[in-house]
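Enquirer: Take a look at the following structure, please.
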Amino acid sequence: LTQPVTPELLVSPSSQDGDLGSECPEDRGNWTGRLDFLLSCIGYCVGLGNVWRFPYRAYTNGGGAFLVPYFIMLAICGIPIFFMELSLGQFSSLGPLAVWKISPLFKGVGMGTILIVSLVAIYYNMIIAYVLFYLFASLTSDLPWQHCGNWWNTDLCLDHHVIKAGNTTFPINITNTVSPSEEYWSRYVLHIQGSSGIGDPGRIRWNLCLCLLLSWTIVYLCILKGVKSSGKVVYFTATFPYLILVMLLIRGVTLEGAWKGIRFYLTPQFDHLLSSKVWIEAALQIFYSLGVGFGGLLTFASYNTFHQNIYRDTFIVTLGNAITSILAGFAIFSVLGYMSQELGVPVNQVAKAGPGLAFVVYPQAMTMLPLSPFWSFLFFFMLLTLGLDSQFAFMETIVTAVTDEFPYYLRPKKASFSAVICIALFLMGLILTTEGGMYWLVLLDDYSAGFGLMVVVITTCLVVTRVYGMKRFCRDIHMMLGFKPGPYFRACWTVLSPATMMALLVYNIIKYQPSEYGSYRFPVWAEVLGILMGVLSFLMIPVGMVVAVLREEGTLWERVQQASRPAMDWGPSLEENRTGMYVASLAGSQSPKPLMVHMRKYGGITSYENTAIEVDREMEEEEEEESMM
């Protein structure tokens, strides 16, 4: 007996081919759980900067009044660029390099992104190594930075117990003294006295070297199977910091003098809003806190299913990130208020930002609490989990970008390739474990993701809206999500976001200041090296343009035009998602009615095919209008 033949129109994707039932290319990998993507984005955005940069930036720029420009800049710059990156990644299912099939002329933008992320990954993991060092040092009954009298201390060392005693009996001049935690950080952990400057790195600190090796090993094991493994790890690393943050917050606000610090943190000074510096600082905080331009968001979104609701996820992550920063400010400044009362000094004398807060001020505050090793361990464990998921994103961005360029060679060997990248970056980071390593870390921090990153983001905005076309980009989102972005997003993408980024870039160039670490001023050759690091990332853009133009044929202008158009295979990665105009770009498709071909091959019409019909109709109407003109 012959088998009954099912008409082609009635065949479902899953009954035709088992692989077509999935919305994601299996060989590339994809998120395995519903919350994997959302938690990865939260873990990536909520990092060390939320704890050690936002609170300090807020209090120095008007306290509570800083929240006004902060949320305005979030609306103008943060949310729109965040959504744009997610849309590009999810629509194409490609990494930061291959996504430039959208306009091959600008592939250098992707190359610049990878260079920036690689430099950041080198020093970011060194910060995680410092955190691991302090984490192990906290596993003791008496914190090693609690008292003076150790071999690394100098005659200038003065601990808070003496200061407190001095407040009740006789005044002590503390202007020329150093806290035990500061000497522990600089003279024991860094052993910076063994180096005379950036040109004299000194010997490798083997305890730091082992911590760096451990941090790279942890990162590698977590990204071993790509997003399938890191997507599970973030269930812990993205949520556990919130538990610790709440514990530190509750402990902080119950301390004597806590409200002194919180009042200092939040008292609004509205006169600051008239200063352009405050608005620029707010934009910078948004820019770096959300991690736009680093390729991490685009990479994560590329592992989504085609119809994932990234519009909703954008608001969850961006607003969640802002709220976390504000909460972290309460946790930090409540403890600083208590510390200032204990020391008998104003809050502004103990408040610091960056490594100074994480490795000097907060550890010193921990020594004043009962059960100080427990609270110290919790604080550094929080920093570890905050740092790790950001590092996962950096590594996933690099690995995905390169494997998407060479899928046939590298995807089957992704674990081995990830190991090679981790080993290479570990070896490059060894100079950071030397006695003068902090000078190199400061140089990398100041220049690797400065004006080069801003040029990358500005160029991305302009290419998508001007070269690719705002109408076409909105049509792609309509096809993917079922609705078009509203006037708010279109206005931000076209004018507001690029203009704000331009203002940031100009401000950074005008207000340029040479790098420094404490009282140490960097030599001219180090400044030149730093500037070259920043310039090299956006020099990739003209280099990429030259390569793209040379690959085309015709006159120079014809080559530029051809290279700026989307590649033939640009569009959704899976055949069943290539509805509307994108079916025509598939190999072997000659039909003038591509949607009908798609329907005959894949079965009945879904809500997303209805969207494709609308898109097709819009395109036909536009073509008719153009022909009439």
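Here the Cβ of each residue, glycine as well, is placed from N, Cα and C on the backbone.
The annotation Na(+) binding site is assigned in TrEMBL to Gly43, Val46, Asn50, Ser289, Asn321, Leu386, Asp389, Ser390. The disulfide bond annotation in TrEMBL covers Cys148-Cys157. Annotation comment: TrEMBL describes 37-55, 67-88, 109-136, 233-250, 282-303, 315-339, 374-394, 415-441, 447-468, 488-510, 530-550 as transmembrane segment.
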Enquirer: For the transmembrane segment (109-136), what are the same-chain contacts with Cβ under 8 Å, counting residues 6+ beyond its ends?
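Expert: For the transmembrane segment (109-136), the nonlocal Cβ contacts are 48, 96-100, 189, 207-208, 211-212, 214-216, 219, 293-296, 355, 358-359, 363, 376-377, 380-381, 383-384, 387-388, 390-391, 394-395, 397-398, 401-402, 425-426, 428-429, 432-433, 437, 440-441, 444-445, 448-449, 452-453, 455-456, 459-460, 463, 533, 536-541, 543-544.
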Enquirer: So which binding-site residues out of Gly43, Asn50, Asn321, Leu386, Asp389, Ser390 end up within 10 angstroms of Cys148 (disulfide bond), measuring C-alpha to C-alpha?
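Expert: The binding-site residues close to Cys148 (disulfide bond) (Cα within 10 Å) - there are none.
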Enquirer: Tell me the Cα distance separating Cys157 (disulfide bond) from Gly43 (Na(+) binding site), rounded to the nearest angstrom.
Expert: 38
Enquirer: Report the nearest neighbour of Cys157 (disulfide bond) in space among the binding-site residues Val46, Asn321, Leu386, Asp389, Ser390, comparing Cα positions.
Expert: Leu386
Enquirer: Pairs of Cβ atoms less than 8 Å apart decide it: which stretch in 37-55, 233-250, 374-394, 415-441, 530-550 has the most with the transmembrane segment (282-303)?
Expert: 37-55
Enquirer: Between the recorded positions Cys148, Cys157, Leu386, whose Cβ has more other Cβ atoms within 10 Å than any of the rest?
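Expert: Compared across Cys148, Cys157, Leu386, the most Cβ atoms within 10 Å surround Leu386.
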Enquirer: Could you tally the C-beta atoms, other than its own, that fall within 10 angstroms of the C-beta of Asp389 (Na(+) binding site)?
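Expert: By my count, 25.
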Enquirer: Within 10 angstroms of the C-beta of Gly43 (Na(+) binding site), what count of other C-beta atoms is obtained when all protein chains are considered?
Expert: 28
Enquirer: Determine which residues of this chain, when Gly43, Val46, Asn50, Ser289, Asn321, Leu386, Asp389, Ser390 are set aside, have a Cβ within 8 Å of the centroid of the Na(+) site's Cβ atoms, and list them as they appear in the sequence.
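Expert: Sorted by sequence, the hits are Ile42, Tyr44, Cys45, Gly47, Leu48, Gly49, Ala238, Pro241, Thr324.
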Enquirer: Determine which recorded stretch among 233-250, 315-339, 374-394, 415-441, 530-550 has the most C-beta pairs below 8 angstroms with the transmembrane segment (67-88).
Expert: 315-339
Enquirer: Give me the stretch from 233-250, 374-394, 415-441 with the greatest number of Cβ pairs under 8 Å to the transmembrane segment (315-339).
Expert: 233-250
Enquirer: Among 233-250, 447-468, 488-510, which stretch has the most Cβ pairs under 8 Å to the transmembrane segment (530-550)?
Expert: 447-468
Enquirer: Under 8 Å between C-beta atoms and at least six residues away from its ends: which parts of the chain pack against the transmembrane segment (447-468)?
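Expert: Same-chain residues near the transmembrane segment (447-468) but 6 or more away: 81, 84-85, 88, 102-103, 105-106, 109, 112-113, 116, 119-120, 123, 287-288, 292-294, 493-494, 497-498, 501-502, 504-505, 508-509, 515, 530-531, 533-538, 541, 564, 566.
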Enquirer: Using Cβ-Cβ distances, find the residues under 8 Å from Asn321 (Na(+) binding site) that belong to the same chain and are at least 6 apart in sequence, listing them in sequence order.
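Expert: In sequence order, Ile42, Cys45, Val46, Asn50, Ser289, Leu290 meet the Cβ cut-off.
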Enquirer: Near the transmembrane segment (488-510), which same-chain residues lie under 8 Å Cβ to Cβ, leaving out any that are not at least 6 residues past its ends?
Expert: 73, 76-77, 79-81, 83-84, 276, 280, 283-284, 287, 450-451, 454-455, 457-458, 461-462, 464-465, 470, 473-474
